[in-house]
Amino acid sequence: MAKRAATAVIKSAASHRPPMRLPPLPTIREVVKLYRLNAVKQLSQNFLFDSNLTDKIVKSAGNLEGAFVCEVGPGPGGITRSILKAGAAKVVVVELDRRFNAGLRLLQAAAPGRVEIVNDDILTYNMAKALPLDLAVPWEGDPPNVHIIGNLPFNVSTPLIICWLEALALRTGPFVYGRTQLTLTFQKEVCERICAPPRTSQRSRLSVMSQYLCQVKHCFRIPGKCFVPKPDVDVGVVHFTPLDRYAEAQGQPPVDESQDWELVSGNENGTHTVLRFNRRLTTCDVRDRVINDDTMRVLWAWHDNDPEDDTGPSGPAYHGSNRGARATLLLNRKLTETPAVGTTHTFDLIMNNVSIPSHQDTTYWCRVFEMPTLASKHHIIKAEPVITAGNEGVFHHLILYKCRRNPNMTVVPQEHPGHECYTPNMPSDWSDCYEGSMVVAWAIGGGDVIYPEHVGYPIGDEEGTGYVLMEVHYDNPQLASGISDSSGIRITYTPELRDHDMGTLEVGVLVTQYHVIPPETEEFTSSGFCSSQCLSEFIEESGEPIKIIGVMLHAHLLGVRLNARLIHNGTETEIARDDNYDFNLQSTRMLKEEVTVYPGDVLITECTYSSAHKNSVTYGGLSTTDEMCETFFLYYPRFNLSFCDSMANIHHVVNFAGVQNFYLDASFDVHVLAPENMVNMSYREVMEAVPWSREKAQDFAEFQMNSTFYSSCRGTPESSVDTDALQQFTVPFPRGTRQPREDVCSLRATPTPDPQGGSGPSDSPGPAGGCTALQAHHAAGYVLSTCLVALVFTIWAE
């Protein structure tokens, strides 16, 4: 009883304490020098001398007035001072290294009764005994006025947070007080994994554990140069707030009042349970997911014992670990395998034991191959990935380019692995291959690429050079070492020529650092286009319009919604769309109806990104952590245009950030001339200095779309088109009138306003051959028959 009363007095006094000012003390740098405190590398010690940064870390924890704080690894006491200045009633510092005790005792003397020093290993220390238990509050209520704060040593940060998450789940240790909040530092890569959203390459077990149990927030980044000694990596500050979860979260799925599916059949054996059922693609039930051409995430679960009843105590039991999920394209048009009749041949283009670097998350690897010697023209009709076992997540995508004619092409020996692309080690004549046409483009999750029976890519013809360059993107976000790869592509070809030669055309945003995605915004849209001038010149050179037969949409980790559109006679129509884009499922989608592109038309790629978890700008670039916005169109007949892109005018990009005058050097880098306070700032420093917010990001998106764009296109060596003359530097973004999107549930069409404020369709006719290939179905009339369609369903197996 006396202990409770004493604690109550402390809490009462703390709640009325004015903000505390510590008496004059030596600076942290002086304390380190005074007590000869050298950082011990084996303990991952790095000192933070800047009080502004320690104050910012403490501010990220929230209001500490009257709080009880356990600080992990205080070192010389920099963060401890900031905690005391914030008005904490009590600070328990847990420090294994006793050398720091002398400096911490200075704070004990400066704040009598408010600092307790514990020399112990935080991995084994029982934090439940650090503070009075009467600080505990109900779990379902607000978090207690108890906090854990720490600049964690890198060598213990991951095992420590896993240990605490386990304690959180069991409500032991620091969580006996309730939903105790944590504010901790981690090396940047660990911080990004903790906060990584679903469907990103950084998503890991640590992401799932942290976000299942807590609301996590990446507060800010601290550059490594701010620490002494300077670590090799930057540091991120993460705030954890345990979530209020109830047992009902693992309860039985309630029965939908509107039963919109019909069980057709079911069977099971020793390994599989198969349910076959019918369901309309659009049920008009708000509880049902519309099944369309988007990427779908199918979840499944089962229990080892059959239920006795549909609901209630004898109904389905919790599935435990018998569960999983998969991203898939339920309505993707799958073409049949190559027919057995006729003559076909195959050849493999395989990398040779490439050692994947462990110091970078993204590697582009190149190698030139000699194609089979053919006496006459043949058609490629299929491309299938050949992936080294275990490297399914590393071998991310590849592009095969036809090299321009060069009798002296550098060809490495068969046992040679090749070279990293875009580096001085790569033979200079390999770069010329990028000027050729794309033979094949494949990406992770895409499976085999099978061409429709009336088209094929030509090889062995008069334009053939005999060589191709294979560029492979290796994705290694975990920086794993010891990975070697011998993956590639298997090509199936035939001498029995099909009706048309096909080609691949890339359209989107130029891949440069001037493609900017601001941080801290749920939705930011970038768009690129292929101008009518470029399309007209190359179509007219070919002599006939092209017909699009398939698309592959491409962005990186921030991409959430992508679409490809066509403007014809002033009317915009969708060619393809994915409102649930998944970086790790980039399939080539064959269209249900071909889309014809005429001279004067425009092709557009639009990408919407979510950067809410980012606290710095993301730029366009080749790395997985950079961004892209591209569509690869499969079409026929093949013409001489390979790449057609645009980008927002650089002047407008930097003007938005406050730059009044600048020049570009030979390397295409910005040098600021005005205003004076920005002179000597780099381009990226200028963009990072913008006070980004969701509203500011939307202003930037609108500012760009209403400014001017640079556009360019690149033809193959066979073309006579002067692409330099087609470059445009100050063109407005092309716009058309959007076609209405059908609302099948209300049986009426809802017009989609165009970006200029108009609505409804134009009187101008759309593209010949009907509307778009992947536009909204009359979905209410369609029935899907499959065993993996519902977003959540349960399988019971004996």
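Placed from the backbone N, Cα and C atoms, the Cβ positions cover glycine too.
Listed in TrEMBL for this protein:
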BINDING   Asn46, Leu48, Gly73, Glu95, Asp121, Asn151  S-adenosyl-L-methionine binding site
DOMAIN    53-244  domain 'Ribosomal RNA adenine methylase transferase N-terminal'
REGION    732-769  region 'Disordered'
Site diameter for S-adenosyl-L-methionine, Å, by largest Cα distance between Asn46, Leu48, Gly73, Glu95, Asp121, Asn151: 21
For Asn151 (S-adenosyl-L-methionine binding site): intrachain residues, at least 6 apart, with Cβ closer than 8 Å: Asn46, Leu48, Ile57, Val72, Gly73, Gly75, Ile79, Thr185
Which of Glu95, Asp121, the listed binding-site residues, has fewest other Cβ atoms within 10 Å: Asp121
Other C-beta atoms that fall within 10 angstroms of the C-beta of Gly73 (S-adenosyl-L-methionine binding site): 23
Leu48 (S-adenosyl-L-methionine binding site): tally of other CB atoms within 10 A of its CB: 20
Neighbour count (Cβ, 10 Å) for Asn46 (S-adenosyl-L-methionine binding site): 20
